[in-house]
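Residues or ranges marked as domain 'TECR-like N-terminal' in TrEMBL: 5-80. As annotated by TrEMBL, transmembrane segment applies to 85-107, 166-184, 196-215, 235-250, 256-276. As annotated by TrEMBL, domain '3-oxo-5-alpha-steroid 4-dehydrogenase C-terminal' applies to 155-308.
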């Protein structure tokens, strides 16, 4: 076979960092990362971004050298992604915070509402229900992180963990402060509104979990091959008929129901921001599906059936 020569340059300065000789044509980008790591131990594979073009997208680990648009002397570009942290660790940190932060307000710790209100309980049953639902949501997320999720990208830049935690932890504190406040007023339509919201909340949580399980099943046995997700026998997965990312649809539905349950403005604002962010993620995922699969179902929308 014809062996390849791989030249790796710094993406910014174009300075040559290394020259790999006699590389097999069927070598993957992951294998090239490992070769590069042997020469530069400080840049472990997860920290490396290898590109065909300095301003282009990073090549995936599974991509094969001879299938890339390069000659037998290939020029690749390296970018240091900075210190990395595993996604499982990221999610455990992000989701454990809101779980415990909420309890500080629910139990009305002395430094929250003042000494007169310390360790008192709310007279409104909906406050207890909101605590149960909020806790259930994040406990479910933690369980999914450990037992369900399979991550196509193993790590995230360490610097992003601060931003993510500020978002999740900060909003958890803001929501909890108002929901558990001594002056909190319950929903206008009483039990009917609360019961409707609880049913909607549980259905959306079940739907979200079902979608995560279905997506996880696509990557059984550690397979990295991308596949089109389709509905299964589980009715909650039938939303795949109409949207590309029903997990986000259900997630937004969960927070809408929590907003209805608590009738709290900060919860509504958090729900709105969640919807914006998840719409961005869903559109990006939808475009990826369209780009990678020519037979992708044309009826599907990113997040809202027939609309968005």
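Each residue, glycine too, has its Cβ placed from N, Cα and C.
Note that TrEMBL annotation is computational and uncurated.
Annotation: stretch 196-215 has the most Cβ pairs under 8 Å to the transmembrane segment (235-250), among 85-107, 166-184, 196-215, 256-276. Within the same chain, residues 129, 133, 136-137, 140, 144, 148-150, 187, 229, 232, 234, 236-237, 239-240, 246-247, 249-251, 253-254, 256-258, 260-261 sit at least 6 positions outside the transmembrane segment (196-215) and bring their C-beta atoms closer than 8 Å to a C-beta of that stretch. According to DSSP, the domain 'TECR-like N-terminal' (5-80) comprises 17 helix, 29 strand, 30 coil. On the 0 to 100 pLDDT scale, the domain '3-oxo-5-alpha-steroid 4-dehydrogenase C-terminal' (155-308) averages 94 in the predicted structure.
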